[in-house]
């Protein structure tokens, strides 16, 4: 992931150095004689190709010399290689610094300031940052190489930006972080390195440790003490440390790329760009050259002295049988078409492999692209023919091209090849069992011969031939013992047959009563069993059009049926939604406030959530349960059959419970009646009656006479049933059903239980 991130980062920088305004600024700073030195090199003025090559190289020397003396390099800045422990420790330091500044100053420091204060920081945000460094004529070594590449492109010289990607190594024996878990350290236990100082090769080892000072808050946090050390003390080469970023210019006269290092004033010295093996801040693993059109190429082989023995092994390796991940990643940035100079460069890389020479250690022969030792062969590899090309410590050295990969007969069948008649296996290896049946076979073989290990023969590719199946005869497709046909590769298709790799086409073929065979294109191993992967069917060529037309017609019908089902589901969902909205509207009309109902009638969505009552003031009054009231009835007011003289006529439903009772005459009292006041049925009716009573205080509201009904039977009472005071209406008796006693059947004796 880090390697891909670096690729993307420098891809953006390669785009920045193509800015026309940046080119104009650099040309304005370049002396005119240097510009004319390149413009005068033309086939019309210099017909001799060798002379043009010498003039071009001389002009490159002059341009590099001027840039070397003009641009000032800021030390201790640039991209360096770090291990994962160092990157993690730097991240923890940044977090502690951010927390400390936020605690001390009351605010957190910005990330830009943290990035700028890091050692080796050379932050470039856009083309304007490069313009600033160009006008100031100072910057890091990486910035100098970027601007020099931009200047070469401004002078109409084909130039490439070459970058050695300093990715975090997969396995490194370099610097380690020493942890002391036994010591409790404080929030300031992480030491901060001096931003103005960066450890360089050649400097004495340094250790950034921490003290155990008490933090400002007084609380201690148990953490590991982090110590970063650089355990190397190496003198730099005479030419200086190799750069991470440099430039390549293309010589049209010679048809080759010339590397240029503007920091060390080196031209066409490709073997001096590889860092020494004991350098820990610069490792050469991936060297990528970005061209002006944005495409890139891997040019590591040009600069690495021992590419096959060391550099290629330092990269992240892929699993065996899988394509190289680096080849897939760099293939995205590779130009889709090839130029003539690309073919010349590939020929140069191929010649460099043979010029490299034998490794100097036994480990260097392992997985070497050119040389191989017999001791490094794998289980399924063999050297054939045994053509010796040298000796190393008494061991025969063979070319890597003679290493043959061997496979079993079953494996070759999966690749569409079978063993030739009369061929003997080149090697016998221990048999491997991946399924339960194979494991049983191996166990039975071990039981028969306990001292012998079951083996199987393996064959090379030259011992196999292409598998040719039986042809289709009279529309009959050849099948194996399981009723299907093996079609692992396209060459295994029988002559006169057609493969239809569509799901569900076997059912259509069966309905048409056409002979077919399911196509087995592979196996998947699951729970100790090998399950075949069926991909379509194989039919005769003369039946191909009929089966396809029927299949597409069935697919269209299935598609229409699916659309109908989807349409029905949509209608159901819309119906549910509309019913819910209607229910909500009815609830709002019955129990909602007046404002909510009015807004709902206008089509507005009420602001109150849910559409129900949110405020009870003016709608619900605080009350207690109704109390029993004793009403005195005068003798004169009692008239037989007069309803108004009844005690219930004096009941006013709009009277508040706190209103005083009317004055009553205690002189003549004939009877006392207990009246129980009742509440309205719903709160909405009570609110409507209350509002009408407030508006029409002068005119009392006449309550509609309601027909009296029996509470139990819910039947209306007749006029004759009206009784005078003190009389009670007899409650009707409820009829009860008496269960019928069933007599036992004749001949069946009753069962009795005894305790």
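Yeah, the Cβs are placed from backbone N, Cα and C, and that goes for glycine too.
The feature region 'Disordered' is assigned by TrEMBL to 95-122 (among others).
Residues or ranges marked as compositional bias 'Basic residues' in TrEMBL: 97-106.
Feature annotation from TrEMBL assigns compositional bias 'Basic and acidic residues' to 108-122 (among others).
Residues or ranges marked as region 'Disordered' by TrEMBL: 173-221 (among others).
Sequence annotations record features per position, and here TrEMBL assigns compositional bias 'Basic and acidic residues' to 205-214 (among others).
Per-residue pLDDT, averaged over the domain 'Rad4 beta-hairpin' (354-404), rounds to 87. The feature domain 'Rad4 beta-hairpin' is assigned by TrEMBL to 354-404 (among others).
Sequence annotations record features per position, and here TrEMBL assigns domain 'Rad4 beta-hairpin' to 406-470 (among others).
According to TrEMBL, the domain 'Rad4 beta-hairpin' annotation covers 477-551 (among others). Each residue of the domain 'Rad4 beta-hairpin' (477-551) gets a DSSP state, and the totals for helix, strand and coil are 21 helix, 28 strand, 26 coil.
The region 'Disordered' annotation in TrEMBL covers 637-676 (among others).
Annotation comment: TrEMBL describes 651-667 (among others) as compositional bias 'Basic and acidic residues'.
Taken from TrEMBL, the feature region 'Disordered' covers 688-755 (among others).
The compositional bias 'Polar residues' feature in TrEMBL is assigned to 694-707 (among others).
Residues annotated as compositional bias 'Polar residues' in TrEMBL: 716-726 (among others).
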Count the residues of the domain 'Rad4 beta-hairpin' (354-404) that DSSP assigns to helix (H, G, I), to strand (E, B) and to coil, and report the three numbers in that order. 11 helix, 16 strand, 24 coil
